[in-house]
Amino acid sequence: MSDAKAVAVTTNNPEKMNKKASNKKINKTKALLEKSKNVLTESKPFQMMVESTFKSMDRGGNGQVSKEELYTGLLLVHLKLAKFAGAAACYPPEKSVCDNLFDAADHDKSGGIDKEEFVAIMGVCCAQILTRMMFYYLILLLFVPYFSANIVDLLMIPNGSYLEYTLETIIGFAMFYIAVPVVWDFVDDLSRSKLEKKDAKKPPQELEAPDLHDEEEDDGEVIEAPSKDEAEKKVD
């Protein structure tokens, strides 16, 4: 005789599907919190600056900041960094990115995060500033002068003339203000894709095991199928 088998009946609930998609996004964001570290974000001055910003944002004095205070703090940190890093720091992430990081850090869903989580999120959001600075000065010192001079040479303008100097300046400014945002977007997308690939290559034992109990409750009602004996009795 075979034992009774439990058959789970799942319901196609859009809210539950959205919840699973949201949890998947939060898991990816947690990986970003753990991996986005570099010399700048791990330095003592950066840590002190972020901790000072946290104190300014913690207006309630309860050791936690809200989602809106987190983004305000992020903008303040970027403004402070701009004094030293220049334009490379004047390119903060969108609020939606900051909100996703907040949801990933807010494990207990209390609507607030503590100082350690605040510092970690600031590290993620400021991780690309060093790379942006490198590309910024490469474009400014090498790319723009070289290409603007070559473009002007193609126009066959007399060398050393005022018109040549004016056109080189105009073309240089135009290329600079077009190239820098494009390159920074490329750097951010490339870094994000690398982090996601690293997360996908994790061995199975390092990945978080799903909560089967929660999935059983969320997916639908569990119905116990009758054994063969019970089925035969009902037929008789």
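Start at 1 and count along the chain as shown; that gives each residue its number.
Each Cβ is built from the backbone N, Cα and C atoms, and glycine gets one as well.
Nobody curates TrEMBL annotations by hand; they come from automatic prediction.
If you look up TrEMBL, you'll see 1-24 (among others) marked as region 'Disordered'.
What TrEMBL records for 45-80 (among others) is domain 'EF-hand'. DSSP labels the residues of the domain 'EF-hand' (45-80) in these numbers: 27 helix, 1 strand, 8 coil.
Marked as domain 'EF-hand' by TrEMBL: 93-128 (among others).
Marked as transmembrane segment by TrEMBL: 135-157 (among others).
Annotation comment: TrEMBL describes 169-187 (among others) as transmembrane segment.
Look at TrEMBL and you will find 195-236 (among others) tagged as region 'Disordered'.
The feature compositional bias 'Basic and acidic residues' is assigned by TrEMBL to 195-205 (among others).
Residues or ranges marked as compositional bias 'Acidic residues' in TrEMBL: 213-222.
Taken from TrEMBL, the feature compositional bias 'Basic and acidic residues' covers 226-236 (among others).
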Intrachain neighbours beyond the transmembrane segment (135-157), with Cβ under 8 angstroms and 6 or more residues off its ends
86-88, 163-164, 167-169, 171-172, 175-176, 179-180, 183-184, 187
Over the domain 'EF-hand' (45-80), what is the model's average pLDDT?
92
Who are the chain neighbours of the domain 'EF-hand' (45-80) in space, where the CB to CB distance is under 8 Å and they lie at least 6 residues beyond its ends?
89-93, 95, 98-99, 101-102, 110-115, 118-119, 121-123, 125-126
